[in-house]
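What follows is one structure encoded as structure tokens, with my remarks underneath.
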Amino acid sequence: MTAPSEEFRCEFADREDLIAYLKAQFPEAAARDDRVSPIRGGRRAADAAMKRLDPVDYAASRNYLSGTVTRLSPYLRYGVVGMAELRDAILHRAGRKGVATKLLNELGWRDYFQRRYAQIGNGVWQDQGRLGTGYAPDEYGEELPEDIATGTTGLACIDAFSVQLRTIGYLHNHARLWLAAYLVHWRRVRWQTGARWFLGHLLDGDPASNNLNWQWVAGALGHRPYVFTRENLEQYIEGAYCAGCPLYGRCPFEGSHADHAARLFRPEPGLPTGGAR
Ligand SMILES: Cc1cc2nc3c(=O)[nH]c(=O)nc-3n(C[C@H](O)[C@H](O)[C@H](O)COP(=O)(O)OP(=O)(O)OC[C@H]3O[C@@H](n4cnc5c(N)ncnc54)[C@H](O)[C@@H]3O)c2cc1C
């Protein structure tokens with residue numbers, strides 16, 4: 001990417017002015033893909049998201065695509081909001097002790113991954129353990145399949161997540177897990193390929209949280225590769241995709257965790273599967 005030609009401007013007449021300026025400053029990026037996410041950057045947008053914090057509802061609904069998640073990750077990523085600041089805001093909103101545990105735990109994952117990244121640096125691109133799938137790294141494909149990249153697999157859920165990734169730059173945690181598991185386990189593509197794809201589009205994309213989560217899905221971090229079932233997905237999408245999916249009832253996610261483990265992984269004595277979060 002070409003370096004910007006001058007000092008960055010900080011004042012803009014409006015959002016259109018800002019977008020035009022950035023496209024001019026980064027012509028190679030704009031030529032690759034010049035869609036602009038509807039998500040607003042900046043402190044004002046971050047403050048609005050902080051005002052909506054609801055730790056109680058979060059704990060009850062976090063796993064649902066429509067759940068009360070904070071959507072603060074892009075602001076954390078670029079330091080618009082600090083970790084300690086967010087922790088204090090969460091505790092303040094919670095009021096009572098214990099109520100904020102779930103949300104604070106999730107924030108703890110970010111902290112843990114950042115610390116691990118500080119220790120291993122580019123090691124986040126290398127398997128942190130033996131893949132728990134029974135396959136060797138060189139048995140996975142290198143290329144991102146075109147139908148996944150373009151959202152044309154025919155699977156309504158996967159295609160929608162692919163489009164959201166590219167047009168919005170944000171995905172709910174569960175959508176990230178499902179998309180990652182589909183790529184790595186159902187299509188047997190290296191997790192690094194998926195991690196690079198995500199980093200190219202996510203507004204919150206960072207090598208620590210991104211790569212280490214991909215490793216967790218792949219079974220290289222911790223002992224269990226992550227797989228899911230159609231039933232599991234349907235519960236948390238609340239009817240959003242499955243009902244209108246042309247592959248409903250015969251999609252690759254039909255079956256139990258044990259069925260998927262038997263189909264997708266090489267049998268190994270004592271290999272447990274089906275991580276869930
Ligand atoms: C394959 C995959 C790739 C991911 N890539 C990234 C990434 O590049 N950048 C990134 O910030 N997160 C990443 N995550 C973690 C998580 O999905 C996002 O942090 C979260 O969905 C952001 O939305 P939110 O702010 O609404 O989260 P909330 O659910 O509201 O959580 C609050 C904050 O806690 C932290 N957090 C929550 N879940 C996780 C988690 N599983 N791991 C680490 N931190 C977490 C985030 O900082 C988040 O903003 C990835 C997860 C997966 C499965």
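For all residues, glycine too, the Cβ spot is worked out from N, Cα and C.
Predicted, not measured: the structure shown is a model, and the values here were computed from it.
TYR58 (FAD binding site) counts 21 other C-beta atoms within 10 Å of its own C-beta, drawing on all protein chains shown. TrEMBL lists TYR58, GLU106, LEU107, GLY108, TRP109, ARG110, ASP111, TYR112, PHE113, ASP204, GLY205, ASP206 with the feature FAD binding site.
Confidence across the domain 'Cryptochrome/DNA photolyase FAD-binding' (104-223), taken as the mean pLDDT and rounded to a whole number, stands at 97. Look at TrEMBL and you will find 104-223 tagged as domain 'Cryptochrome/DNA photolyase FAD-binding'.
Applying DSSP to the domain 'Cryptochrome/DNA photolyase FAD-binding' (104-223) sorts its residues as follows: 77 helix, 2 strand, 41 coil.
Residues near GLY205 (FAD binding site) in space but far in sequence (CB under 8 A, at least 6 apart, same chain), listed by position: ARG77, PHE198, LEU199.
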